[in-house]
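Taken from TrEMBL as is:
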- 20-63: domain 'RING-type' (DOMAIN)
- 127-206: coiled coil (COILED)
């Protein structure tokens, strides 16, 4: 058991070792030595051993204590230096080709996130799970593939179409950038030709006419500027026409896009308005007991707030208005009855007056 663990540890933890575990070939002696791995067991061996052992057909892995049946077509060169990372990447590709649902197939984002969580749990069982967990994960993967073959194939084709469209878009962008560069070069060459031609015209006019040299030079410069501006205007109009023609492309079967709902800021009070309606709460009040708290910031270190003190004081001052103790005492002295209707009827029969309690709504700012 110790030998088996030691061999596995030396192979998995040292994937970049330059010695073949089968024929003991060394890259120091053979610089062209190439190592290959198989997705069944991820044990590396040189390409010479792969050709020698697996050319005639399937055979067992020559690494001690492995014994898995391998085929030559399953060998490939490792992309990552760590074989554990290589194995996890291959497992993710295999699981992703089966569990390839899209977000628009789910009713809510939470359902899609739960689906992704289940897929990650399945991948974790295949990568880090025990032998029993790996077997259960493989059975679940196989059952899902068999029961959702149509959806899997449809999503695979949709993914290939998206990749193809992305490649076309990148190709079109590269072609448009190339055309812009060529247009800029052509414009630069034309400007150079115009400048050279204007210089020749200026020299001919200076040699053949008696006009002012400054005036001739200014006229030539104006002509060059007009040609340059006209050329740029023509290029911009052509570009805008091209973009307009490109925007006229319509695709059928696309899902109608809806503007996302802007989330409102979090409200801990659930939309309730605690603004006092019976009085106006000011930002500051003159109180000699609060002079130290206003001037010394150490009072605020523990979370003390003058605004909360003002709100509580004003609430306590106005909370007793509209409450009549006599009416409450009179209503409390009435005979008890199982219902309010019976209490009113008994009071009328006895010749007493019915007192109706008025409940006063209070402005609770907390």
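Cβ from N, Cα, C; glycine included.
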Counting only residues 6+ away from its ends, which parts of the chain sit with a Cβ under 8 Å from the domain 'RING-type' (20-63)? 7, 11-12, 69-72, 74-78, 83, 86-87, 90
If I take every residue in the coiled coil (127-206) and average their pLDDT values, what number comes out? 86
